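Below is one structure, written out as structure tokens, with a few remarks after it.
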């Protein structure tokens, strides 16, 4: 029956509409009747209810309760899963100094409570931790430099003076060190242009405990320590190198080579005269000998780019890759250094030794500190008017072979020793490449004097023997002549005066005469050298 209950349906519909969003019940209530706690935003109440509900999901130890349902998941065990990324990464805020540098000290941002929170905070790594400036300055390197500023060891870093494949060098001012201007060498840690360092470190005694090959930061720190030790060892031998002052992680502070504000130029940046280039070559050859025989090191990257010219003298730099003389690749590195040095000075018109001659001068055990200058003088006289074109074709072939062939360093590394013995007996011992470095002659006998000085020594001994023999004959002739010249009717007074004169003459001669045991001793010492 349509229309019988239509009024009732309209009332129910109106009541439902009234009880929706805009209800007259809440609209007519006065504001004073609401309790104080209910005046807050309802969204806060909902969050509190959600928080209460979430807290029920944890046990007494603060761990998430595991559900026993069919599709239940294991609760996370990492503490960092309960922290938002913003709070985890906020620890880097103390390391970032984005404004201008305004003082010599860095403020201590963390107090005791912050330090405790920093220690208890979960550690995470991000790409921003390895972000660098100029391929070398990351956050950790900046902190090292900031601490040097804080300790007032550095006052200001003026700018970059050299950028290399393994490090950047900056000019800095200091009032703490014994130099007003210092060089700060910062080794690259994240962006490594020089990655092939294994052949410089492997099998070296100083790195027998390992060198963290897969950790670039630890590897670079050992690399910096290695350069500091090499510089100190070369300083003890009075070689011209920068003085190391301090090392911090991958930052090495050392003496600045140059004037107060201008760095010394590299040898490749200048064009020396022929006389100056000849002096540089003579000095550098001596430095290479001292480095190998006194410091027991091989530079392994010696060229005109790693030599500075300061006050008309050469200064050796960049010795971080230098290896011990007993390193498996030491002879290969030394041969490469000899090739680079010879090529540069030959280009500037200097009469230089061949690569093989320079290599033998450095490695020959019979060349000592007492006779190395005589060796060089004889060698320079030999090559004074010689050029590369003047070499016979056979020597040119031997030079090319020498630069590519394997050189045994010890006799146990000689493989075909029986063949070498037969060649030595047949008079072909000069072609053996290892005879000089092992101290053997062409007949495979032990030698005490270099070959180039052996002939001069024999000539000196023969001339000395002839002089002594002539003196001996003169003494005999003179004594016989005096004895036979005595007059027959000599008076006693004249005889006494004559004998006194002969006695005085012999006494004067004994004052300048060298005793035989002293003379023999000098000859033995000369043979040992």
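Quick reminder: no glycine exception, Cβ is built from N, Cα and C everywhere.
Residues or ranges marked as region 'Disordered' by TrEMBL: 17-53 (among others).
Taken from TrEMBL, the feature compositional bias 'Acidic residues' applies to 31-53 (among others).
Taken from TrEMBL, the feature region 'Disordered' covers 108-127 (among others).
The feature domain 'RIO kinase' is assigned by TrEMBL to 126-364.
The active site, proton acceptor annotation in TrEMBL covers 301. When secondary structure is read from DSSP and collapsed to three states, residue 301 (active site, proton acceptor) falls in the coil class. Counting only same-chain residues six or more apart in sequence, the Cβ atoms lying under 8 angstroms from the Cβ of residue 301 (active site, proton acceptor) belong to 318, 321, 322, 333, 337.
The feature Mg(2+) binding site is assigned by TrEMBL to 306, 318. Long-range Cβ proximity for residue 306 (Mg(2+) binding site), meaning a same-chain Cβ under 8 A and a gap of 6 or more residues, is found for 266, 299, 316, 317, 318.
DSSP assigns residue 318 (Mg(2+) binding site) to coil, not to a helix or a strand. TrEMBL lists 318 with the feature active site, 4-aspartylphosphate intermediate.
The region 'Disordered' annotation in TrEMBL covers 455-529 (among others).
Summarising the annotation, TrEMBL assigns compositional bias 'Acidic residues' to 458-478 (among others).
The compositional bias 'Basic and acidic residues' annotation in TrEMBL covers 486-495.
Positions annotated as compositional bias 'Basic residues' by TrEMBL: 508-523.
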The compositional bias 'Basic residues' (508-523), counted residue by residue under DSSP: helix, strand, coil: 13 helix, 0 strand, 3 coil
Residue 306 (Mg(2+) binding site) - helix vs strand vs coil (DSSP): helix
